[in-house]
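Remarks on the structure that follows.
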Amino acid sequence: MKTKEILNNLKFIEVVGEIPEKINEVKIDSKNVKNGDCFVAIKGEKLDGHSFIDEAYKNGASLFIVEREIDRKPYIKVSDTRLALARISSNFYNNPSSQMKIFGITGTNGKTTTAFLLKSIYKDATLLTTIGYFIKDEFLKGLNTTPDSLTINKILYDSLQKGVKTAIMEVSSHSVVQKRVEFIDFKFGIFTNLTRDHLDYHKTFEAYRDAKASFFSKLDENSFAILNYDDPSTEYIIQKTKSKIITYGLNGGNIQGEIINSSINGLNMIIRGMGIEVKINSPLIGRHNASNILAAFSSAIMNGKDIERIKEGIESFRGVKGRLEKIDLGQPFNIFIDYAHTPDAMVNVISSVKELSKGSVTVIFGAGGNRDKGKRKLMGMVAEHLADRIILTSDNPRDEEPVEIIKMIAEGIENKKYEVIEDRKEAIRFGIKTSKPDDTILILGKGHEDYQEIKGKRIPFSDYDVVVEILKEEKYET
């Protein structure tokens, strides 16, 4: 591709050396650079791409995008290589997002479920989520919540080549701050909710909120902000966006939901507003999922989707792997696994299940290492307030000692007995072996993950697989 096309609208400080006429590909990993590639040096949290300039040069890089002077030439110096990468990536793949309808979903909780609900409505869409990405019905691979801008534009470009014109994307606060979604033309920005999370990165709740709000500040006047009426941060977001605004909620909004019946097997609700009234029967559980349904429904309606198609898509959706996922091998008690790893997410999940459980509710959980330590005590407080039995265990301890993380969680538990079983598999085994008919076990924190992060390594571990293994050992098998 011609270099001038790749660099179109790129803001730079200086150009040093003779720029090549053509560029083969754009790379951010020096190991993958080949002859004629452009290498963009990204400064990350642990590694700095500027330290790998020589490796990229040896592998054949013909142009460097950098934030400081380097010995190798030619190079273009910019103020922010992440922003430059976003512009270059969009140019290199011919600005694919401008040729599609893109739904961007942000918020602390509910992003993945809302994204999969939309995918159930738009079956031929591309989907980029925590769990992985799909083009139509083809699962390709796992991702971080939001990949780098080069990967995003490549996925959107590949989608267009396969005739896909709609994409659904989770947008994390990290990705907004790190410019990963700059120059992506979102037609719909969806806000689920905002509670404490990622303060290890953002430091304050206000900075976290600003990161979420800045996503909506970039929507243009022809886009829609689909906002949760029930969340107090919605008013703040409204002040920051120039897009059209539609609110949804269980307590009000342009599109409002009313829960008619809720059980351990799902919920029935009526959605009203903007001249619409429709009944929804969903296998999803809990009030928080009713809110996720409203978010997906409202977005699809504003995109002009047929109501019956929306209804069918929502009602046929059985849930996301690791999101209040029920495991039933014929045992006389309920077992759910869920990704809840923040105090508010735990409130949503435990409250939903507690309302519907005939017996006691046991929670088995830990907290991630190298993450916001301030939420650990709060998680303990939530468990004490809402659960009947508490089993504290390891999650993804990373570089911390599991026992120290558990102690911090236990600081929030003052008046209720709890068990400490550091080995997660044994904690789950204990929970299963000591449950009675009609009880409910909630295994929280990891959801769909199939590993534990310990001392820099990912050790294979799946809550789902462990539960199934133990239930079979206990002769619970249909």
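Glycine residues also receive a Cβ, built from the backbone N, Cα and C atoms like all the rest.
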One of Arg323, Arg371, Arg429 listed by TrEMBL as binding meso-2,6-diaminopimelate at the site of Asp395, Asn396, Pro397, Arg398, Gly445, Glu449: Arg371
Lys212 (N6-carboxylysine) and Thr113 (ATP binding site), Cα-Cα, nearest whole angstrom: 18
Sparsest-packed among the binding-site residues, when each Cβ's other Cβ atoms within 10 Å are tallied, from Thr108, Asn109, Thr112, Thr113, Asn396: Thr108
Residues from the same chain, set at least six apart from the ends of the motif 'Meso-diaminopimelate recognition motif' (395-398), whose C-beta lies under 8 A from its own: 341, 365-371, 405, 424, 445-446, 449, 452-456
Set of same-chain residues at least 6 away whose C-beta sits under 8 angstroms from Pro397 (meso-2,6-diaminopimelate binding site): Gly366, Gly368, Gly369, Ile405, Gln452, Glu453, Ile454
Asn396 (meso-2,6-diaminopimelate binding site) to Lys212 (N6-carboxylysine) - Cα separation in whole Å: 25
Cα-Cα distance linking Gly110 (ATP binding site) and Glu449 (meso-2,6-diaminopimelate binding site), given in Å to the nearest integer: 17
Non-site residues, in chain order, whose CB comes within 8 A of the mean position of the CB atoms of Arg371, Asp395, Asn396, Pro397, Arg398, Gly445, Glu449 at meso-2,6-diaminopimelate: His341, Gly366, Ala367, Gly368, Gly369, Ser394, Lys446, Gln452, Glu453
Nearest recorded site to Arg398 (meso-2,6-diaminopimelate binding site) by CA-CA distance, among recorded positions Gly107, Thr108, Lys111, Lys212: Thr108
